[in-house]
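Contents: one structure, followed by commentary.
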Amino acid sequence: MSKSDFGLIGLAVMGQNLVLNVESRGFQVSVYNRTTSVTDQFIAANPDKNLVGAQSLEEFVQSLATPRKIQIMVKAGGPVDAVIESLIPLLDQDDIIIDGGNTLYTDTERREKYLSEKGFRFIGAGVSGGEEGALKGPSIMPGGPASTWAIMQPIFESISAKVDGVPCVTHIGEGGAGHFVKMVHNGIEYGDMQLICEAYNIFKAAGFSNEEQAAIFADWNAGDLESYLIEITANIFKQKDAETGKDIVDLIVDKAGQKGTGRWTVMGSVEQAVPFSTIAGSVEARILSSMRDQRKLASGILQGPDNWNFDLGSLSKEELVKKVRNALYSSKIVSYAQGLDLIAKVGKEKNWGLNLGAIARIWRGGCIIRARFLNHITEAYETDANLTNLMLAPFFTKVLNSGQQDWREVVALAATNGIPVPSFGGSLSYYDAYRAERVPANLLQAQRDFFGAHTYERIDKPEGEFFHTEDWPELID
Ligand code: 6PG
């Protein structure tokens, strides 16, 4: 039998769909799963495909053409290390292992070093797009040596999503760059989802039906906000429950799950001192949602407006929709500005030579955050590769300047009516702080100097000269 072009370990849904995707592009694929009955079922379910189902890891490795290209699709963490360890004795020098899971990028860096010392090649590749993306074309974010990328390029390009004929994959950079960028992608995904949920919460509280909301999101999807997440939201509002005939969205418990990539992104932003209010707000919102029992208890104790039925006053429904749209669009720009800021900062520190325009380009298709809006981000970085902040790119400045008043009104309306808007509000505060010529840190510096002699600079003295006040007034006991 001829040797396979590609091998995949881990036949959960993502793994199975990736295999079918690779095979459909004319490659022979070998598969291995620890529970071999899963392999048997998969092969039996795909009788006409050019697949090799291996019963043992030895058989799997032997079935592959060299240099072997083996993608691992198992749970991030220990299972990836375990698979790598069991592969090592079976591989030849220069064989390639690809980790396609949602792995923490520092683990990828450790594994790459470990494997390269042994003479093997390793690629940490973020793969986005869920089950359907894996099957029809995901967005792929591979990191690792450029020479290894060159070997993988034909397969990755053929299986990835395409937008205007351009594959949604590019070599992100050395080491853990691919998994790092995928992690931030997921953080941005959390932000996008939360912004949509905040819009929904306001609409719901203002008395809009699910049907009306389906129409609003469908309408938004026909304009500048066109994106996968807005589109699926419109469809979610149309879905009825088979059992009760009710709208499914109303039957789903308001407790959000999370696997951790959003949290990792926020932790990364704190480590790097990058302001991250939109995405941090989205992670907090998920955590608070999961504290359902406490929320139920507190709802009967802590007072505030009844946030399920507010009066629009003189505002028409159409005006509210327009204002919320502008609040969402502006907050989204802030979210991407913060996410890209983190990517740029870590990329510089790690010397990854990241191309932010190319990253936005490969997010246009295949992945969960795919959106029309990403074209403008690519353009912004193509015009100025060293853009200080996305908000300062002329296209986005214009959107923000024209939407900022509505954004404020929506945040104020939400606060007045007791509707939590951590990501709308956090984004607006970032916007206002970023554009503020003066912030209250003069007082903060005085406080630091008062209690800790931490010193301060003066506006009337050259920058870099530090002063301490010896005689701050004593406290009276
Ligand atoms: C993707 C997604 C995916 C992620 C899920 C669930 O890009 O295809 O980001 O990788 O695992 O969306 O993530 P949470 O469970 O953390 O919401």
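Count begins at 1; order follows the chain as displayed.
Every residue, even glycine, has its Cβ placed from backbone N, Cα and C.
Annotated active site, proton acceptor per TrEMBL: Lys182, in sequence order. Within 10 Å of the C-beta atom of Lys182 (active site, proton acceptor) sit 30 other C-beta atoms, taking all shown protein chains into account. In the three-state DSSP reading, Lys182 (active site, proton acceptor) counts as helix.
Residues or ranges marked as active site, proton donor in TrEMBL: Glu189. Within 10 Å of the C-beta of Glu189 (active site, proton donor) we count 22 further C-beta atoms, all protein chains included. Under the DSSP three-state reduction, Glu189 (active site, proton donor) is assigned to helix.
In the three-state DSSP scheme, Met14 (NADP(+) binding site) is classed as helix. Annotation comment: TrEMBL describes Gly10, Leu11, Ala12, Val13, Met14, Gly15, Asn33, Arg34, Thr35, Val74, Lys75, Ala76, Asn102 as NADP(+) binding site.
Here TrEMBL flags Asn102, Ser128, Gly129, Gly130, His185, Asn186, Tyr190, Lys259, Arg286, Arg448, His454 as substrate binding site. Within the same chain, the residues at least 6 positions away from Asn102 (NADP(+) binding site) whose Cβ sits under 8 Å from its Cβ are Ala76, Gly126, His179, Lys182, Met183, Asn186, Lys259, Thr261, listed in sequence order.
Annotation source TrEMBL lists domain '6-phosphogluconate dehydrogenase C-terminal' at 178-473.
Of the listed binding-site residues, namely Asn33, Thr35, the sparsest Cβ surroundings within 10 Å are found at Thr35.
With respect to ligand 1, the recorded positions Asn102, Gly129, Lys182, Glu189 contribute Asn102, Gly129, Glu189 as residues with a C-beta closer than 6 angstroms to one of its atoms, given in sequence order. Residues Gly10, Leu11, Ala12, Val13, Met14, Gly15, Asn33, Arg34, Thr35, Val74, Lys75, Ala76, Asn102, recorded as contacting NADP(+), have a largest CA-CA distance of 22 Å. Listed in sequence order, the residues of the same chain lying 6 or more apart from His185 (substrate binding site) and placing their CB within less than 8 Å of its CB are Gly126, Ser128, Met141, Trp363, Cys367, Ile368, Ile369. Ranking the binding-site residues Gly10, Ala12, Thr35 by the distance of their Cα atoms from the Cα of Tyr190 (substrate binding site) places Ala12 first. Packing around Lys75 (NADP(+) binding site) is summarised by its Cβ count: 13 other Cβ atoms lie within 10 angstroms of its Cβ, all protein chains included. For the pair His454 (substrate binding site) and Glu189 (active site, proton donor), the C-alpha distance works out to 39 angstrom. Non-local contacts of Arg286 (substrate binding site) by the CB criterion (under 8 A, 6+ apart in sequence, same chain) comprise Tyr190, Gln194, Ala256, Gly257, Gln258, Gly262.
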